[in-house]
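Residues or ranges marked as region 'Disordered' in TrEMBL: 1-34, 582-619. Per TrEMBL, the feature compositional bias 'Basic and acidic residues' maps to 15-27, 592-607. According to TrEMBL, the feature transmembrane segment maps to 54-74, 117-144, 190-210, 216-235, 295-315, 335-354, 651-674, 694-716, 773-793, 876-900, 915-935. The annotation domain 'ABC transmembrane type-1' is assigned in TrEMBL to 54-358, 654-941. Taken from TrEMBL, the feature domain 'ABC transporter' applies to 393-575, 977-1217.
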Amino acid sequence: NLSNMGVETAPAEPSLRDDEHEKKPEDGEPSPSASSAFIRLLSYTTAWDKTLEAVALASALGAGVGMAMVNLIFGKVVTTLLDFTLGRSTPSDFRSDVSSNAGRTIPSNTNRHPRLYFVYIGIGRLVLVYAYSALTTVVAYRIVKRLRCDFLQSALRQEVAWYDHGASGSITAQATSNGNTIQTAISEKLATVVQSFSTFVSAFALAFVTQWKLTLIISSVVPALIVIMGVVGTLDANIETNILSTTSQANAFAEGVLSTAKTVHAFGIRSRLVAKFDVYLQQVLRLGQQKKPIYGCYFSLEYFLIYCGYSLAFWRGIHMYAGGEVDSIGDDFTVLLSVVVGSSAITNLTPHILQFTRAGSAAAELFQTIDRTSDIDPLSTDGLMPTTTKGLIEFDNVTFEYPTRPGVTVLENFSLTIPVGKVTALVGASGSGKSTIIGLTERWYNPLSGSIRLDGQDINKLKLSWLRTTARLVQQEPVLFSGTRIAIARSIISEPRILLLDEATSALDPHAEGLVQQALDAASSGRTTITIAHKMSTIRDADNIVVMSKGKIIEQGNHEDLMRRDGAYSRLVQVQDLAVAQSSDASTTDSENEKAPANEYGHELLRRPTTQISRRDDENALTRDDYENHQQIGLFHVIWRIAKDTLYLKWWYALSLVACIAGAGTFPALSLLFAEISEAFRRTESAMISRGNFLALMFFVVALGNLIVYFALGWISNNIAQILNVVYRKQMFDRFLLQDLQFSDRPENTVGSLVIRLSTYSQSVQELMGMNISLIFISMGNVVVCAILAIAYSWKLGLVVVLGGMPPLMGSGLLKIRLEQQLETITGKRFASSASIASEAVTAIRTVSSLTMESSVLQKYSKELDFALEKCTKSVLIMMPMFALTQSIEYFVMALGFWYGCRLVSFGEITLKEFFVAFIGVFFAGQSAAQLFSFSTSITKAKHSANYILWLQQLEPAIAQTPENRDNRPSQGGESIEFENVSFAYPLRPEAMVMKSTSLSISKGQFIALVGASGCGKSTTIGLLERFYDPISGQVRIDNEPLKHLSPIKYRECVSLVQQEPVLYQGSVRENIKLGTPNETVSDTKIEEACRSANAWDFITSLPEGLNTACGLNGSQFSGGQKQRIAIARALVRDPKILLLDEATSALDTESEKIVQQALRKAAQDGERITIAVAHRLSTVRDADAIHVFHGGRVVESGTHSQLLAKGEMYAAMCRSQNVA
């Protein structure tokens, strides 16, 4: 229980998971099993890959055979040694037998030195291990690269409804994290498993050839081992599949939250979002901890059965030798050592088999998406492609409900004809079905009934890519590239026959809107155009204006006809009438505006569409959040820091360490027992059997010890690993949200990159700190203790083999780890870049689909992966010799030890027992060292990941609550605001001052409007007031106190922000609105009041589940206007002293906007609230107490609406450009 260990757990509140509110769609194809998914990875190989893989696996088989052949040589050596110690040969003959080929040790048809056979095997393994490790790793990179591309392609094939349901999970995290898991499994680990299997088969084959009867008896443990591996693999795969599914949901939630840094800071909802994220993590933890008994039984039973096999082998072997069933002691030792080597190969399989189950589960999750048949496939080549297109669009009795809101009819028996070459404008309240018509025309969805025809042809029969190329769309919320103007340019440059404009100019200032509207009018000439607009001035020249309400047409006609009817359209126009007399000098004013530098009007649209924040001039501010400048720490320091950070796990760590120490005693114990066995063979028959029985019992005691030790390790290590995974994943998410906007502005900190780190870094730490670290510590203990034991029993032989073998072995292993770390750094950047491409494409799936950009996104994604693949291939070829050396150097050491040890025995300097203790100890030490460095990839990834996590822990935001300001809140609650000569520049454009010595003064109860061209400093003013960043010079004062002196948290509790692009999180409408309050204790009555003020209550109550309706991923269940009204309700329920509106009503229909504006004005007129509004739609701010006109980073005009009109300058010109009546 984490709560008992000091780890914060999520409260038992309703989850934000939408599947609790709605039913997910059936995907048709069942999820493939982990085993079949793993095998299916072979389908991603080319003929060249298959050739390389075949060579690699053949090399692995050969390397495994080489390991088994050592037993044959060793058996012959034992015979020679025992013959000498039993007096059957003289010292000179013995040295001759050892050094040359005098008959006993090696077949008489050769005259090579026996020690050289160890060298030959070592050389063979050096070459073969290099071949299989390098080739399998390269092929793994190639396979996973194709798999990732195929997965993203399949994701981009899916219909929009699939994304609306949230069935996609986090595409970015799945592609990268699951890909990494698969890559780890099918690289050198796959070849290592093949090698281990080859060693097992070869060793037992050699044993059968040498003494079949004894081998058959010993082989009785093999079926049990196979059954255990099969059962555990199945159970582990089932649990892992569920873990991956929950993790994908967590990543999708995190991805949505991390893209809303402004909202998180503005409303102070970090801790609540982290708690919601923790709901997923607790489910992951519960599933992960189901593995504790599985891993405990798996490891303990496996090691127990193997060492029971040792016991049986020695007990039965001595009895058979004493009874004459075995002719040679060497044969007995060959069989016994074959059992040891074969069994060791099985133990080496254990951690890798578990990796395969995880990889299979990861692949199964990817294949579930890959195999899914899309209802509307944008990459399909099926369908008609008419050679000529007129552009006649007909809706015939169309009925439609969004798949995520069954029962809520959006269009019912809707019919509309959109004539060729004419402009048809759709107006009406939010949620009336306007954008639905666009979506149906783009075939994002299919209607429930009725038909949509283009030039008389049902659009379902047309090729989808052709349709979307023919009908180009510009959306209300431009994404992916550089803003609205570029979005419009993308659509127009292809010269489509049909142009779809969904609030295309809502993000533009009046001047820019005028220019763009002229371009759109020109572009619409001769084209069939459907335009949705809330600014009536932009559609007054439309050929046909369709007024909609609740999915039906209530009026249609041209502007003049509808105005004469004095109906719904006329009322909408009157609301926006600015009552500005048309001036004859309007063109002059426009011309003067056009003389302004281009960047004054346009640079904001062309800059990178992410939040930009100020940097101070000092170098520390520039490098504070740059991980590249962080001093890396080593593996043991990392482990120490992790243990220190999680002291609540200290007893688990202590128990694990004790178990590791006990486990590290196994190989030294085996060395002593082997030595005793060699002594037992020198005794008389009865004494031999008696001693053999005792030693067999000792082997059984070792087996019992391993049963206990490895059950404890399997249980404890899994428990620690699962907890650390959850703790660090939650901590990273929390720290990401804690950072100021300067952190998220950095190019390496895109949302996609952060999600990948969130998913993979904690997983890497989990893999290392689980069973892997236990096996690493045991291997290290074995190496050290065996080396000490060898030196203690024979200091001459021990020193020679230890000093001769350990330095090159450790040096090559550490060098490989260092090279892998460099590779991890290089490829990590490329994988992060590719993840960002995938994240942007999936987040903006409607833009990607409408512009038929699927192929170009895939091409760009593939290019990034190709670059990473090229780097990886070169690095692998350079570093794999180091790995091969760690896996083969033990045989060179054995050759040296055998030759030198036999000489010492022949001269009587050491006994046979001392020789065996030292020699076999070194043999086991070499095996342990080889196993140690087989974890080098896990070590490298975990070290890199842990370093980043530890760096993130100490990274403090520049704008944060401190002990000095934590109690400082506005003295009067925020009754006055003053800007004193404020200057500011964005860090990516430090040469472009966005604000230049700007001064403003705002008093309690005022409604202030900020207007001007894009990029002139309006939104920057809002950002400075929210203290998203600090000015370069000058001061912002609240209640006559510098804003820097106030606690950001306490100050922001007095402020509410509504942005142009509304932000909703997964969860119900009620949960999203409650996020506006500091503690979510608001009553439903208060929520209803806020919703009514935002004109949201009627549409919310019309939904079947009302306030409990799920908002979906990023608010996908609602239209732009509906999302905006919910966001406004969230801001109002806070009852702020300062209300900041950054184009807050741009997505609202005219009637909703009127009601919301009345509520906002009423709140301001009550004298209790300062309201500051940034607006391009000037009708929304004409009643403001003061209007400040920004130009070039300065306030150039100030006054009321009438005062500024009377001046006849910049504001008056903007009003003329928007005047309707």
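Don't overthink the numbers, they just go from 1 along the chain as shown.
Cβ coordinates come from backbone N, Cα and C, glycine included.
Between the transmembrane segment (773-793) and the stretches 54-74, 117-144, 190-210, 335-354, 651-674, it is 651-674 that has the most C-beta pairs under 8 angstroms.
Outside the transmembrane segment (216-235), and at least 6 residues removed from its termini, the chain residues within Cβ reach (under 8 Å) are 35, 204, 207-208, 294-295, 297-298, 301-302, 305-306, 308-309, 312-313, 316, 335, 339, 346, 349, 353-354, 356-357. With a cut-off of 8 Å on Cβ pairs spaced 6 or more residues apart, the transmembrane segment (54-74) and the transmembrane segment (651-674) reach fewer than 3 such pairs and are scored as not touching. If you average pLDDT over the domain 'ABC transporter' (977-1217) in this model, you get 84. Relative to the transmembrane segment (915-935), the listed stretch 651-674 leads the set 335-354, 651-674, 694-716 in CB pairs under 8 A. Note on the transmembrane segment (335-354): residues 64, 67-68, 70-71, 74-75, 185, 189, 192-193, 195-197, 199-200, 203-204, 206-207, 210-211, 214-215, 218, 225, 229, 232-233, 236, 295, 298-299, 302-303, 306, 309-310, 313-314, 317, 670, 677, 771-772, 775, 927, 931, 934 of its chain, located 6 or more positions outside it, place their CB under 8 angstroms from a CB of the stretch. Only residues 6 or more beyond the boundaries of the transmembrane segment (295-315), in the same chain, are considered here, and those with a CB under 8 A from a CB of the stretch are 214, 217-218, 220-221, 224-225, 228-229, 232, 335-336, 339-340, 343, 346-347, 350, 354, 666, 670, 673, 677, 692-693, 695-697, 699-700, 702-704, 706-715, 717-718, 771.
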